[in-house]
Amino acid sequence: MPKIQIRILDSRLGNEIPLPHYATPGAAGLDLRACLDASLVLQPGETRLIPTGFAIHIGDPDLAAVLLPRSGLGHKHGIVLGNLVGLIDSDYQGQVLVSCWNRGPEPFEIAVGERIAQMVFVPVVQVSFEQVEAFAESRRAEGGFGHTGRH
């Protein structure tokens, strides 16, 4: 299991507010919690940056982290990420912030310590481009956006 460096920026993290952790042995994402001074109400259409109380340094250029919404918050309450998916590069060392967007019709209260997102570590492959005049023919060619059919 790779080791990722973490700096605790909020003394409540690891005490009153749990550290990021996997909820089950099969979980792909670490739960991230709102390290707020007080609960806040996210109005419909409003987006706010929510601190997590920690910074990470992945260090390994073959890894990155993605921040994803929690499915229940999105489905039941319309709370998703304002940037849809957050990307944390291996050389980033600042606080992990979660952009929360209320796309639902009702105000939503985010409590101190509430689970607001999940972080998944993924492998990274950097590529170089080879410029060509034409591509070798493929069955799909330029078809996209539903081109392969509905069923």
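Glycine is treated like the rest: Cβ placed from N, Cα and C.
Swiss-Prot annotations:
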{"type": "BINDING", "residues": "R70, S71, G72, N83, L87, I88, D89", "note": "substrate binding site"}
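Features as recorded by Swiss-Prot, highlighted on the structure.
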residue	record	contacts (Cβ under 8 Å, 6+ apart)
R70	substrate binding site	D31, I79, R115, I116, A117, Q118
S71	substrate binding site	none
G72	substrate binding site	none
N83	substrate binding site	S99
L87	substrate binding site	A64, A65, V66, L67
I88	substrate binding site	I56, I58, A64, A65, V66, L67, V96, M119
D89	substrate binding site	I58, A64
Query - Secondary-structure category, per DSSP, in which L87 (substrate binding site) falls - result: strand
